[in-house]
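Noted in TrEMBL for the protein shown:
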SIGNAL    1-29  signal peptide
BINDING   Asp95, Asp196, Ser198, Glu326  Mg(2+) binding site
BINDING   Asp95, Asp331, His335, Asp372, His373, His447  Zn(2+) binding site
ACT_SITE  Ser145  active site, phosphoserine intermediate
Amino acid sequence: MPPKKSGQIRLPLSPLSLLVLLSLPVALCANVPPLSMQGREQTAPKPMGEAAEEELTARYWLRQGRAQVAARLERTQDTVTNGRRAKNINMMLGDGMSITTLTAARILKGQRQGHCGEESKLAVEDFPYSGLCKTYCTNEQAPDSACTATANLCGVKTSKGTVGQRASGETVESLSMWAHRAGKATGLVTTTRVTDASPAAAYAHVAKRREELEVARQLVEEQPGRHFKVILGGGLGKFNFERSDGRDLVQQWKSANPEGCYARSISELRDCVSSNGSILGLFSDSHMGFHLAQQAHKEQPSLSEMTAVAIERLSEPPDGYFLFIEAGRIDHGHHETRAGYALDETLECDAAIEMALRLTDPKETLIVVTSDHSHTLTMSGYAKRGTPILGMDQLQKDLNGVQYSTLNYAIGKWQSHGKDGRRENPGKTLTRTSLTPSYIPGFKGVHSGEDVAVFAIGPQSHLFGGIMEQNLLPHLMG
């Protein structure tokens, strides 16, 4: 055998291997036929930017979800012997809670406690299993909260702006409906309007997410919404004074739930704890206030307080429950490109997760924490350990010698430019509630399309590892 030349590995190619290599496309995403097919009659390639026709059907995503569940069960059967099923499920969603958001919030948490911050921990860091999920919808690379909510809660990917329906328009059932059919109690908690896109996918079916007046009607009149034992959040206007049909859906809910309790404030919610029926809490006319602005919203409960009331009420029936909990205003802070608001809302989510862990038994309750989509927040440069995460390292400068902040957005409202159009040091205006600098001017911050994190603890939590399609999550929970 001749000696090997340094730096070279020679592998003999059989005729079959050569044929396989020649059949590979030149570029994975290019519409270039394999070499072995060139010169032959071919079908027209799918136009770039269009989903395959089968992706527009619910059947495709449901079949795909079941196949992936089966594959994960087979993959883990030799390493996981615990076959318990969850009695209860808490699905907790941080809307817009990107991985950068989690990192920055962890640091802020530690710095609020007087530490450097980087060594701090969020509640999800003690969950035994984690993974990533892909957030695209059938017609968008970077999704909105409607199509992602349909994936997260109904197991079907759909088109942008669509709630509880497949891309072709047929309605699909949600985890809440599955749980109701299984005899479990159901409910939802959110800091947004209860008719906003993410919570709406738990019970509603509309072609356009903006149809919130119809979403409110479905929540009160149709199943599974009318069976919810707990509904807590904002959005009173969609139930009465914003309606043009003259209907008062709050009064209609009261009539349908004579033993129920209706709350408009934290004090009234606490009074509802002693009641026996369902609970409806609408604590603002629209979205609930940012936690950082709590002085202006003293009568609104926190996310962790609503979580505690919901879990305690849903734990009363013997057959278990499904509860959807959303920290929805993380996303709104990012759209405002005010990182301080987004990170504070993330820590409110962290507190709610800690509350859920305290009130549940991991032997019978599955808790899944995830996000619906990412945002363009970045954490850049070489800031020294302990640098205020909402501030800047004074030594970090660009090529022109101008200092820059640790956190920045790709697209947003404020570029920290002077009158001459040149970038200025943003340090003079940075506060915990100020705008955060961005590179590209925009009316607001925008979503981004990278994967988001998934964390799980409890029965069958071992299935929530690796990289997943977003619509797989409800199949694993259900």
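Glycine too: its Cβ is placed from the backbone N, Cα and C atoms.
Here the features listed in TrEMBL are placed on the structure.
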| residue | record | Cβ contacts under 8 Å, 6 or more apart |
| --- | --- | --- |
| Asp95 | Mg(2+) binding site | Ser145, Thr192, Ser198, Glu326, Ala327, Gly328, Arg329, Ile330, Asp331, Ser371, Asp372, His373 |
| Asp196 | Mg(2+) binding site | Ser145, Thr190, Arg209, Glu212, Gly235, His287, Gly328 |
| His335 | Zn(2+) binding site | Gly96, Lys444, Gly445, Val446 |
| His447 | Zn(2+) binding site | Gly96, Ala142, Pro143, Asp144, His373, Ser374, His375, Thr376 |
Mg(2+) site shell beyond Asp95, Asp196, Ser198, Glu326, criterion: Cβ within 8 Å of Cβ centroid: Leu93, Ser145, Ala149, Thr190, Thr192, Ala197, Pro199, Gly328, Asp331, Asp372
